[in-house]
Amino acid sequence: QDAGNHTLLTEFVLSGLSSRPELQHLLFFTICFVYSMTLLGNLLICVLTVHPTLHTPMYFFLRVLSFLDISTASVVVPKMLVTLLSEDRRISYLGCVTQLYCVVFLAATEWFLLAAMALDRFVAVCWPLRYAAVMSPRACLALLLLCCCSGKVVSVLQTAWVFTLSLCGPRRINYFFCDIPPLLVLSCTDTSPYEKQLIAATVLVILTPFCLILLSYACIISSILKISSAESRHKAFSTCSSHLTVVTLYCASGTLIYLQPKSSNSQEAKKILALVYTTVIPTLNPLIYSLRNKEVKEVLIRVVAVLMKK
């Protein structure tokens, strides 16, 4: 199954995070701990935001974000843990297609969701009297469905384009999951047209929402500065800065991975960025939102107090 005879690939071999045997166990326990924190933290957010005092659009979107983070980590991390300890690092062709589809769908949906969250903050700060009408439960659900449908369109197109390329070998993927940049290396045909399409898709899915988010926050900051109450200004800045921190982390890692899929950047550097994108950021989201959010902390204290009494 090499490039020489153009044998079609029926399975792939993932190289994993590192080829150094002495690091495998350390990486396994580290990633396992981070994954556990991802599940615990995001599940906690999902549970806490169901509390009656947090039934607002912001926490609805935050709950969905936590669910997407759990899903993204669960698509990537379990297989990565297996490759760290097992000699068998194979993944079937169908398994690779499925993993790529899920990763792209979740990532694209999350980006559109972050834009929806920025819209929610814009309406809350700039149009407070119209907030309940504009961000009604029906409107929030419609925004969520739009994010999911957009993510599905992006994932179907990207996955179909990648796997219509002639992937003829070698079958070894120098990565820890099936992603677009390492799969392009396996193509025995010219990938430059697809790379241009991928750059356009990256601009559409990541940079365009990012610019809209920045525009929303420019309007938000302008409105916040007009608030006379220092406490209200601090609360508004705190909520918005949490969201902007997450957006910046996603944008930085995502664009560096996908804007130059076959650039001179080393594959090892892209592995680190992908690890941040799929594993580290989902762990940070609950910390960023909960530690900087007074309402979430108050609900957490109440829940812990009730549990201790029992």
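Using the three backbone atoms N, Cα and C, a Cβ is placed for every residue, glycine included.
TrEMBL entries are annotated by machine, without manual review.
Given the structure is predicted, the values throughout are model-derived calculations rather than measurements.
Feature annotation from TrEMBL assigns domain 'G-protein coupled receptors family 1 profile' to 41-289.
Taken from TrEMBL, the feature transmembrane segment applies to 26-48 (among others). Within the chain carrying the transmembrane segment (26-48), a Cβ under 8 angstroms from the stretch's Cβ atoms is held by residues 17-18, 54, 62-63, 66-67, 69-70, 73, 77, 80-81, 84-85, 279-280, 282-283, 285-287, 289-290, 296, 299-300, 303, all 6 or more beyond its ends.
Residues 31, 35, 38-39, 42-43, 45-46, 49-50, 99, 102-103, 106-107, 109-110, 113-114, 116-117, 120, 140, 144, 176-177, 278-279, 281-283, 285-286, 289 of the same chain, all 6+ positions outside the transmembrane segment (60-78), place their C-beta atoms under 8 angstroms from a C-beta of that stretch. For 60-78 (among others), the entry in TrEMBL reads transmembrane segment.
What TrEMBL lists as transmembrane segment is 98-119 (among others).
Here TrEMBL flags 140-163 (among others) as transmembrane segment.
Annotation comment: TrEMBL describes 199-225 (among others) as transmembrane segment.
Positions annotated as transmembrane segment by TrEMBL: 237-260 (among others).
Residues or ranges marked as transmembrane segment by TrEMBL: 272-291 (among others).
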